[in-house]
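First up is the structure itself, then whatever we jot down about it.
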Amino acid sequence: MSEITQQPAVATPPVYILDPHANRIKEEDIDLSHTVGKLPTWTTVQESLGTRTGWFGDYDYGFLCMPTLPGFSKVTRIPPFFGLKDRLPLILAIVMGFQHALAMIAGVVTPALIMSGSGKNGLNFSPAMRTQMISTSLITSGLLSLVQITRFRLGRSRYFLGTGLLSVVGTSFIFLPVLQSSVANMYASGFCPSTVDPTTGNITYMSCPDAWGAFLGTCMVCSFLPMILSFLPPKILKKVFPPIVTGVTVMMIGVHLVTSGMGQWGGGNGPCKGKPTTGPFVNCPNNSAPRAAPWGDAQWIGLGFLVFSIIMIVEFFGSPFMKNAQVVIGLIVGLIVAVACGYTTNESVDAAPVVTFLWTRTYKIGIYAPAVIPLLITYTLAMVESIGDITASCEVSQLSVEGREFESRLQGGILADGVAGMLAPLFMNSPMSCYAQNNGIISLTRCANTMAGYMCCLFLVLMGVFSKFGALFLMVPDAVLGGMTTFLFSSVVVSGIRILSFLPWTRRERFIVAAALTLGVGTSVVPGVFTHMFHYTGTNAFVLSLINSANIVLDTGFALAAIVSCLLNALLPANPPMAAEPIIDRHGPIPSDKEIQEMNIEAQSIHESMLNDKTRH
């Protein structure tokens, strides 16, 4: 291994095969066998397990663990960069893998907690069912991440399954709004059982496992769409779904999820959120819970703010290791305070089995036709989002983001996401896709080695198998969870804003974004505003399914925003070359039209030069 102070080595250029009949490179003939995962040799295993260098290397571990407190800070050497196939010390691989797992826990577990929660938008599962759902999410994430990281060739074809990068997958947040809208529609239509108190009018929503089975079955059917689209050139997908569409959509997904997070922060999204004056849900989560209080009470706000404050403190003073696990640290501190103050009990942990695995609890798989159209839109958006995540993974791994190898990794990653969209429901879990959080860890720690990814998968599977770990999350009060999830969901909003920040922001872009946000934000802030337009009293199953599908789309803000932005982007004519608004120095003379055009051409040239320099680096 090279000295720690040494600059990262320049990546070995790919070997091209020349066409003997033409003096040019044929990219379709590039050999990509080096991108496929291979088993280690016996010599490599002996060197890793039998030597001190194989275990520890000469890495500066203080770089990861030293906090930035006054008196503790020190100038450390720049750590070496570990590429995809470089030799990585075992201890460092374990530490890095555990760090990636910590960064994923909150994102993997949170959708399961929200989906299985109470209220008209949740499945209202029992604690035992919720514990199993959390364990299943962790195990599924670990197993399907192995596929992405390893990468397999499909027979002797030019197509692959997986990216071959440290590219992990987890439960996708963008399927959460579709499930919530579908479940709300199922309760309203009588598909899921509910009871009404005749004296108070309060609605109690019963557990609905059939809704979960129907959602999983529908996801399996719709997962064929990304599988088919994965064989299209990425350039076509980017043209159909440009940044103006994906940016608006991702931002609206975050906006929808933030409203759910704030509801938890106030005390929960269950029946107590309506602040009834009588009945068992006057207090949150119910009157019989320990230290129950009305929704929005100061104690709930304080618990959530404690978690939020811990996340801020870790960002200011934490070590690189702590910063990458700041959300989990905030959640742990919040849980400790909640247990110490008597806000929760350990019943869920005591009732959970010691060991579990997939299919310990199964559900009746079905198809819910009204959710097909929203899920097709969601799968398409998840696929486009994965293109951005895989591109970012190549950048932080110091790999090229253009050419045959890059496009092959995109194709393999999208196909693996589609396969994960089918296998995850078979595992009784919501669809999974590539996660972007781990790219920040790669950039900070300068470790893109796939061995760290394999260790991450191992930790995720172990956390899921030992179900007592998953049961710990059920002990967390909703307010503590809300303080964490609201921050987590806000980062999704920021991701959408970042995508939009690269737009030229001419009048055309501003109009498209404003029109999409008009409907997207509107229906997210006022849920159900568009779902009362259609009235049908007949019994025709097709018409009822069509109306239910329309209501789900109309009640899902990101779906409306995606449809509007995609249509307007396709229909509105492009701006003329002079439509861009230049930055003018008001302290000097106003430039002429010709000077403005020259300024724009020069700025574009500088921008392209910077992008080329970044790609070469």
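Just so you know, glycine gets a Cβ as well, placed from its N, Cα and C.
All TrEMBL annotations are machine predictions without curation.
Since we're looking at a predicted model, the values are computed, not measured.
Residues or ranges marked as transmembrane segment in TrEMBL: 90-114, 134-152, 159-179, 211-233, 240-259, 298-318, 325-345, 365-384, 452-474, 480-499, 511-530, 550-572.
Between the transmembrane segment (325-345) and the transmembrane segment (480-499) there are 3 or more Cβ pairs closer than 8 Å, counting only residues 6 or more apart in sequence, so the two stretches are in contact.
Sequence-remote contacts of a segment are chain residues at least 6 beyond its ends whose Cβ falls under 8 Å from one of its Cβ atoms, and for the transmembrane segment (365-384) they are 172, 174-175, 178, 181-182, 185-186, 210-211, 213-223, 225-226, 229-230, 237-238, 241, 245-246, 249-250, 414, 417-418, 421, 425, 431, 433, 545, 548-549, 551-553, 556, 558-559, 562-563. The transmembrane segment (90-114) shares more Cβ pairs under 8 Å with 452-474 than with any other stretch in the list 134-152, 452-474, 480-499.
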